[in-house]
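J.: According to Swiss-Prot, the protein has these features:
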type	residues	note
ACT_SITE	GLU30	active site
BINDING	HIS29, HIS33	Zn(2+) binding site
DISULFID	CYS40-CYS45	disulfide bond
DOMAIN	1-33	domain 'Peptidase M12B'
Amino acid sequence: SHDNAQLLTAIKAYIATMCDPKMAVIMAHEIGHGGYYGYCRKIPCAPEDVKDDDIGMVLPGTK
């Protein structure tokens, strides 16, 4: 099984390759069922506050 911290770090690194440098905050959250959502934006937020203009991606479950 994957280590969650390593997986979240990998997601953040991948998202960073797509981020505008001004989008300083890169975040990743586990969203249940082993799925993860990562995004970059100017300020941190909870997953439910992610806005349409955030760069984001949902990864399928890995568990």
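Heads up, the Cβ atoms here are built off N, Cα and C, so glycines get one too.
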J.: Average the per-residue pLDDT over the domain 'Peptidase M12B' (1-33) and send me the rounded value.
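T.: Result for the domain 'Peptidase M12B' (1-33): average pLDDT 74.
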J.: Rounded to the nearest angstrom, how far is the Cα of HIS29 (Zn(2+) binding site) from the Cα of CYS40 (disulfide bond)?
T.: 12
J.: Who sits close to the residue listed as 'active site': which same-chain residues at least 6 apart have their Cβ under 8 Å from its Cβ?
T.: ASN4, LEU8, TYR36
J.: Can you tell me how many other Cβ atoms are located within 10 Å of the Cβ belonging to HIS29 (Zn(2+) binding site)?
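T.: For HIS29 (Zn(2+) binding site), the 10 Å Cβ neighbour count is 16.
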